[in-house]
Amino acid sequence: MSLTEEKPIRPIANFPPSIWGDQFLIYEKQVEQGVEQIVNDLKKEVRQLLKEALDIPMKHANLLKLIDEIQRLGIPYHFEREIDHALQCIYETYGDNWNGDRSSLWFRLMRKQGYYVTCDVFNNYKDKNGAFKQSLANDVEGLLELYEATSMRVPGEIILEDALGFTRSRLSIMTKDAFSTNPALFTEIQRALKQPLWKRLPRIEAAQYIPFYQQQDSHNKTLLKLAKLEFNLLQSLHKEELSHVCKWWKAFDIKKNAPCLRDRIVECYFWGLGSGYEPQYSRARVFFTKAVAVITLIDDTYDAYGTYEELKIFTEAVERWSITCLDTLPEYMKPIYKLFMDTYTEMEEFLAKEGRTDLFNCGKEFVKEFVRNLMVEAKWANEGHIPTTEEHDPVVIITGGANLLTTTCYLGMSDIFTKESVEWAVSAPPLFRYSGILGRRLNDLMTHKAEQERKHSSSSLESYMKEYNVNEEYAQTLIYKEVEDVWKDINREYLTTKNIPRPLLMAVIYLCQFLEVQYAGKDNFTRMGDEYKHLIKSLLVYPMSI
């Protein structure tokens, strides 16, 4: 039966075109003589600083500050062994009973490292009446450190909930009087209130923290120089990778083969940077970028072009996972399906050479699950059905894509993704579920209005409005509260998941951080704001001045 006998009505989204053109297509590598030796010498100096601070207990608070600076400057991957050793020594020495300065920093760094230290240390911040001490209210840096520590809280930590309210209120007051605060610190406070450190992407943080750090009289010249050199070296690698994927994308020719779908290869690579910016994850970034570009085409086909009958055929083709399915598809779907098959076949062959077919099969099942649930959404849209949250969530948490994207990232990390890790991933761990909830809720908050202008499945907002009999504004309030709460669940699972390599857990955290950036105020992936555009340029266009 021909599907073209009658011109179908399509839910066209009118996506804006790419703003980048061929800007990143060509990359000319620039070799700076002697930089590698300079970097190696600087790294030796930093290692010595870490050793000296660790060897003297009186300097352990300074050690924490040094580690924090290394991480925020974007160079911790050079000192992973030293940082791991230092924080392990700190934990073995003090346990939960830290008695030095910078308690908030100690708490944040230990939890970030995976040590589930208690929050009892913050009882020292309160007076005999249970209120936070006035001396803390007058300590701007102390307030900021405590505020940042609260983002590591888990459900039930009341003292950190109180601390969040206290610090947020005091810091907000300070932003209303710019003249009473150091200008650089004033900017730091504004950034923190907008997005605490734990919810910021490390690479973006490096781009923004390096200039701030340079303005501090106390900055370490060795650290600063190393951070700037490394930023530029990594940026060169990233631009080379981006050039590669842009050429791959141009060969697909989206304007010819999928003109109504989103042309977002640069944004896909930016997402890849969010999943891991370090040099050792180059392969992971390239494959992740290609996969996200293909997944975006598939998602748009379901959301913004395909008819219900066409989508049933495409779903069956994905289930069969065979290039022989091309002949069964409508003409416009064939280039998309072929690109999909070619992209995943490339990775399958690579992993097969490493003896990791198990890892590829894990990723493949997540793709199939994603498409099956897109089909459920298409069915709801076709029927005009608004499901309850109980019916809605199991489907839309999957179609939000967080789980799929996490496992896609893992395909490029086969060296640390053990067989036990595969079993963990396919078991639908709570960490995946909570990151999926976060992604879905943030997406729905920012895409709801645009999606409801065409035939589209209902969002979380509509399910909340229907189930709780509330208006849209109140439903948004409920979802923002859920987003805040689900971060606490994510933190708990991050801290309590055992026997899984920490980089795999951090890949989930990086994804959550990226979602916070991507959906900051709008759906920047689809309709980019000026601030988001500047973030991309800060990582991929503008080098650090040395």
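Just so you know, glycine gets a Cβ as well, placed from its N, Cα and C.
Copied over from Swiss-Prot:
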type: BINDING; residues: Asp299, Asp303, Arg440; note: substrate binding site
type: BINDING; residues: Asp299, Asp303; note: Mg(2+) 1 binding site
type: BINDING; residues: Asp299, Asp303; note: Mg(2+) 2 binding site
type: MOTIF; residues: 299-303; note: motif 'DDXXD motif'
type: BINDING; residues: Asn443, Thr447, Glu451; note: Mg(2+) 3 binding site
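Features per Swiss-Prot, on structure.
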| residue | record | DSSP (3 states) |
| --- | --- | --- |
| Asp299 | substrate binding site | helix |
| Arg440 | substrate binding site | helix |
| Thr447 | Mg(2+) 3 binding site | helix |
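Across the fold, the C-alpha of Thr447 (Mg(2+) 3 binding site) and the C-alpha of Asp303 (substrate binding site) stand 12 Å from each other. Counting other CB atoms no more than 10 Å from each candidate's CB, the binding-site residues Asp299, Asp303 peak at Asp303. Here the C-alpha separation of Asp303 (substrate binding site) and Asn443 (Mg(2+) 3 binding site) works out to 14 Å. Neighbour counts were taken as the number of other C-beta atoms within 10 angstroms of each residue's C-beta; across the binding-site residues Arg440, Asn443, Thr447, the minimum falls on Thr447. Take the mean position of the Cβ atoms of Asp299, Asp303, Arg440, the recorded substrate site; other residues of that chain with a Cβ within 8 Å of it are Tyr302, Leu374, Glu377, Thr399, Gly400, Gly401, Asn443.
Taken over all pairs of the listed substrate-binding residues (Asp299, Asp303, Arg440), the Cα spread reaches a maximum of 15 Å, rounded to the nearest whole number.
Comparing Asp299 (substrate binding site) with Asn443 (Mg(2+) 3 binding site), their Cα atoms are 13 Å apart once rounded.
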